[in-house]
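Okay, structure first, notes after.
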Amino acid sequence: MIPAADLRTWTRQVGGDTFTVSTDPSRIQLDALNAAFATDMLYWARPLPLDTLRLCVEQSLCFGLYWHVPTPGGGEGAAAAGEDARAGADHPPATAMIGLARLVTDHTTFAYLSDVYVLPAHQGRGLGRWLMQCVDEVLGSWPALRRCLLLTGTAAAARLYEETIGARDVGVSIPAGPGGRRVGGLRLLERRGNPRALGAGDGKGEGEEGKDAR
């Protein structure tokens, strides 16, 4: 169950269109998410059986990005949405899910960021940056957070994560997973949390949390 403090909604206007980011899992449109998983844009993913996908969503903190679809006769945006409108067509009347960021987390000390995307028809409008700023707002509200980790395969994405959530390349290259649609390795990025949660000043170094378990 998602803690009440992590259930949040943000809304903004961009060029006459209205967009919302929400962490409410009941708003996630599973068919739209699976449609995105089927594209080469999400090279790391594959569509999942709906029961499996629902479990994935319910056990994560998902930041859904939604476009408020213009009403008939509303003009701009209705025809340009293309694939996006079709992806959200089964979820009338008002919004289409056009992006996501998913945190696998205990909501306290650790998070892994995955499945970040904005559909092509809505890229170039600052929505990905805004989505990451919403993620950073939640991460910044966890006083015991040690770190958030993520993998990325492009320098442009790495810059976005550094500029929005403060994630830095830790200098570790990881081979792409078997069966993936990507050639080449991935870079591991880390967004550090509260210095007190990291053990700063008490003699513990980074990456030494597991020493006592040996």
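Numbering starts at 1 and runs along the chain as displayed.
Note that Cβ sites are derived from N, Cα and C of the backbone, with glycine treated the same way.
Per TrEMBL, compositional bias 'Basic and acidic residues' is recorded for 203-214.
If you look up TrEMBL, you'll see 98-193 marked as domain 'N-acetyltransferase'. The helix, strand and coil residue counts that DSSP assigns across the domain 'N-acetyltransferase' (98-193) are 27 helix, 37 strand, 32 coil.
Sequence annotations record features per position, and here TrEMBL assigns region 'Disordered' to 191-214.
The domain 'N-acetyltransferase' (98-193) scores a mean pLDDT of 91 in the predicted structure.
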